Amino acid sequence: QISWTPLLLLGYLFYLLLGAMVFQLLEKQAETHFRDQFQLEKLKFLQNYTCLDRQALEQFVQVLMEAWEKGVNPEGNSTSPSNWDFSNSFFFAGTVVTTIGYGNLSPSTLAGQIFCVFYALFGVPLNLAFLNQLGKALNTHLLTLERWVQKPGRAQVRCQFIILAIFLTTGTLLFLVFPPLVFSYVEGWSYGEGFYFTFITLSTIGFGDYVVGTNPNKHYIPMYRSLAAIWIVFGLAWLALVFNVGADLMERYLQLKWHKSDLSLAEGDTTKLEDEPEQPRIHIPS
């Protein structure tokens, strides 16, 4: 049997190339527009304030960029809440061990950077172990639900489809549909922006363009970001199971198709047809 790994590699590279072309098509023109608009705004600023020259303005822009990189929002003031109070620090610790890494906040001291390295060194495996146990517990409940739903005379594959549909529907409502409504109300985002933040966070992509609890003009409850961190942990476990199901189905489908093509190349070998594997069954891996 010929390995189907090269086919998967070609498909993976093609998917990356396709994504690169689509993102370039969608975003490059908008980036050019924003860059030109920004340069125009700087020229207008210099025209309105003739006491400043271009060099002074560029230095001030550099100060703003450094402040942003250190986690200080330029729109705020000295009375803005600290980025390193307990609630925000708890949220940051969660983004470290879950490998989300938004990038909008990071340790600025050498001691903090060194501690972050060792904290992630032990925290990431601990987080993976915790998510694995959480996934096993969720899988146990799914198996219990499957035994309750399955009745004599009902096809096993059909029953598994029902369980998978319940699992996907419930998780989608709890982790992808309802949370954006909360974020839209609290943060002032649109529902689309809230849904975008939700998926980018739970998939651990974490661009950092949208982060909860960072608007200096809003007053958040003290435990807001801590509750968001707890939601992230359980959402990660659910979405990880979804990704595992998708990867398992894709792998089985490719193996089945490739194995069928190998069987079709065999001339007059009827014994291979008898050894053909049965159709893959959908299951929830732990």
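Note: Cβ is positioned from N, Cα and C throughout, glycine not excepted.
These numbers come from a predicted model, not from an experiment.
As written in TrEMBL, here are the features:
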DOMAIN    81-138  domain 'Potassium channel'
DOMAIN    165-251  domain 'Potassium channel'
CARBOHYD  N77  N-linked glycosylation site
TRANSMEM  6-26  transmembrane segment
TRANSMEM  86-105  transmembrane segment
TRANSMEM  111-131  transmembrane segment
TRANSMEM  161-182  transmembrane segment
TRANSMEM  194-212  transmembrane segment
TRANSMEM  224-247  transmembrane segment
Report summary line: For the domain 'Potassium channel' (165-251), the DSSP residue counts stand at 63 helix, 0 strand, 24 coil
**Report entry** Two-stretch contact, the transmembrane segment (224-247) and the transmembrane segment (111-131), at least three Cβ pairs under 8 Å
**Finding:** yes
Query - Remote residues contacting the transmembrane segment (111-131) - C-beta distance under 8 A, at least 6 residues beyond either end - result: 93, 96-99, 233, 236-237, 240
